[in-house]
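Working notes, beginning with the structure itself.
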Amino acid sequence: MSQARCHLRAALFLAAVSSRGATTGVTARRGLSAWPAPQEPGMEYQDAVRTLNTLQTNAGYLEQVKRQRGDPQTQLDAMKLYLARSGLQVEDLDQLNIIHVTGTKGKGSTCAFTERILRSYGLKTGFFSSPHLVQVRERIRINGQPISPELFTKHFWHLYHRLEETKVDLAVVEVGIGGAYDCTNIIRKPVVCGISSLGIDHTSLLGDTVEAIAWQKGGIFKRGVPAFTVLQPDSPLAVLWDRAQQISCPLYLCPPLEALEEGGPPLTLGLEGEHQRSNAALALQLARCWLQQKGHQGLGELKISRPSVLRQMPLAPVFQPTSHMRHGLRDTEWLGRTQTLRRGPLTWYLDGAHTVSSVQACVRWFLQALHRSRRPSRGREVRVLLFNSTGNRDSAALLKLLQPCQFDYAIFCPNLTEVSSASNADQQNFMVTLDQVLLRCLAHQQHWSHLEEEPASPDLWSPTNPEPGDEPTSLLLASHPRHTHSTGSLVFSCISHALQWISQGRDPVFQPPSPPPGLLAHPVAGSGAGVLREAAAIHVLVTGSLHLVGGVLKLLEPSLSQ
């Protein structure tokens, strides 16, 4: 069971059941009820997570596997064997009412919108997503709430012992990122599928062109199962259309949210940022299609259909959203994505953007939020970037996109809440070494220093396909004149030390013990501390990695760890 952790990490999908609990029979027959069970001695939640962490591939072995990777189809074959060893069959998954969503940007937000809409209709929902932010149990949600530590612990040990009893050598199953060979593609009979915005990411697994990535993501299409996607550049959209036609999958293009708002009040979204409108438009189509196939009536008055956009691809229905749909969109919560925390003089802007397109959307959201924020009557405003990037992503390209924000300080640190994560199993990661993550942070700092010597490029920052309602880039940049001084940059060994320096004890919730010796030893750290202590307002953007955002949330919102 060398890769059991990987089987729990996958592209996003969501299962919805009727208010009568249609899937409870399936789970009950397998002994996986939702009722708490007595825990075995020494098998508490943290013990379960620590054991789960030991199943992570270590950094050295992961590199070996990448070099020796064979036919990706073997991953799905291996997944079927692991499923059987756990006591389930693929046929059991066929009984679930699944909405399967993939994409490069926005798949999590799309699922969050969809899940909340379905709950507004009185449905029971299950929601699996990856990665988690603070605790691993967040990956599995029932009716919008992470399962309890007790329930996670109960089912983890149940599965762990089942796999131990049937232990054999099997092929490695890669971490799920969505697509043709992803482990979640073991789902054969979803009710509906969705593909959010596509871009360049995970190139070592999916390919280094957006067309190759579109082909991979289109692998979730199933014969006869309706699928929806948002407006993409012509090339990947053509790939998706061809992929769907090859297997007789009805694929529809979502109309923009403006078309659904026409003739009615504007829609209010629970998630900030103009880019969330695309995710909300996809979510409305997914929810409506699911409800329609399950026999629900009164799903919004249809409007006049519009012509196809590309290669005769039919446009999804243009309809008037119902009150349930409106309430669902309004009440959606999805931590770590365009999230704002206001704490005294500090405002924390949290967004786990980690691709070119998502960082562009993050910058747009951040600048718009600053434009709307109340300016202090006196005193200095300070802007701080807290950044990290992992994997094979081009951090120099991502950092260049952040230049228009005109930060006073750029801070880099690993995705570690403390120098030692031994006491926090949820944040452990054995897939990289400490030396690797610190060297990468130093590389980020070097990239930033080189970028400081170049002027920002508005053309590079401007999105390839601006979304409806976006403010012109030139107006956003013009409202924030460039600072006449350069940005100071620092590298800290963990998130806690970075937050201590940024907040300078002024965050009323984050009040750690005295800072470690040497925290202000660097000249920039010493002088910057004085600036931060005297600032009238401090705006902190945390981005580049969802794991970084999760670590920050763990420290700023202690209740999430309870």
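For all residues, glycine too, the Cβ spot is worked out from N, Cα and C.
Remember, TrEMBL labels are computer predictions, not curated facts.
Record features (TrEMBL):
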SIGNAL    1-21  signal peptide
BINDING   SER130, GLU174, HIS202  Mg(2+) binding site
BINDING   ARG337, ASP351  ATP binding site
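This view paints the features noted in TrEMBL onto the structure.
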residue: SER130; record: Mg(2+) binding site; Cβ within 10 Å: 19
residue: ARG337; record: ATP binding site; Cβ within 10 Å: 26
residue: ASP351; record: ATP binding site; Cβ within 10 Å: 25
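Comparing SER130 (Mg(2+) binding site) with ASP351 (ATP binding site), their Cα atoms are 15 Å apart once rounded.
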